[in-house]
Amino acid sequence: EKSQDCMYLQYCKVCQSYKAPRSHHCRKCNRCVMKMDHHCPWINNCCGYQNHASFTLFLLLAPLGCIHASFIFVMTMYTQLYNRISFGWSSVKIDMSAAKRDPRPIIPFGLSAFAASLFALGLALGTTIAVGMLFIIQMKVILTNKTSIESWIEEKAKDRIQYYQTGETFIFPYDMGSKWKNFKQVFTWSGIPEGDGLDWPVRDGCHQYSLTIEQLKQKADKRVRSVRYRAVEDYSGVCCPVTKGVKTFFTTPCTEEPRIALSKGDLILATRGLKHWMYGEKILDSAADGGVRERGWFPRKCVEKCQYDSEMDQPVDEEKKNR
């Protein structure tokens, strides 16, 4: 509504519009999602403003259902094995062909059924532990009125302030100061979340765009810290390249983030990296490529660091001093 507010907002080059506060662009859904937490492949959708409560209830009910299934599997195997045990003077035998005391069951319980029940029990217990931990993580961020992405932004804000010694203090603006108030921001009796997904209540002393301003600072800091590399080998963009060495093959990043194909001579701005992999953005001709950005992981051995001259170094040093 206010054009001057554009200076506080991030611009999405894919959607060709400004991002609302707490919104992020999802590469899988190919759109900006309000209050995005993450993209979940199991529901083939993003977890965000409209379905955060439903997704959290799913994380609660799935382990409860698995616990119920585990109880059924355990009792089934216990009763069936108990009816097939015969005790001798010197040995204990289990006959899986038929029950000794009970009549023949409706569903025959043989060796294959026992193996399937044992396998299903392991899946049920594994799902209970894995999804239960996700539920605990989600409840922690909900009780502070954050998302998983915003928790990461807050951590990066602390690192940025410590790195530049600015003396400022970043206060997360959407934490209402009460776990119950934060809980009611997501869970309501009607099932419809509070607000419209665009404007959010903030803490006293915080600006409506405090979080987006911090995100813009972090993006500017990323540009300052980024290092220019030049591709010296071709890379097809496969997840686990066989021709780039055994260590590169086995240390591929365990993430859904994409890989970018490289041709010899391409320029890349690297922003972070591992021992054998790096993440960055390919420098493209904005006019020829329509402003499309190519970001992703690539093997470290395919690139070499560009040698800057003093004229190119000077603006970066000046910008760091100003920050």
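Think of each number as a place in line: the chain as shown, counted from 1.
Backbone N, Cα and C atoms are what each Cβ position is placed from, and that goes for glycine too.
Those TrEMBL annotations? Automatic predictions, nothing curated.
The annotation transmembrane segment is assigned in TrEMBL to 57-78 (among others).
Marked as transmembrane segment by TrEMBL: 106-137 (among others).
Annotation source TrEMBL lists domain 'SH3' at 224-308. Per-residue confidence over the domain 'SH3' (224-308) averages out at a pLDDT of 85.
Cβ atoms under 8 Å from those of the transmembrane segment (106-137) belong to residues 56, 59-60, 62-63, 66-67, 69-70, 73-74, 76-77, 80-81, 96-97, 99, 148 of the same chain, restricted to positions at least 6 beyond its ends. Residue counts for the domain 'SH3' (224-308) under DSSP, helix first, then strand, then coil, are 14 helix, 30 strand, 41 coil.
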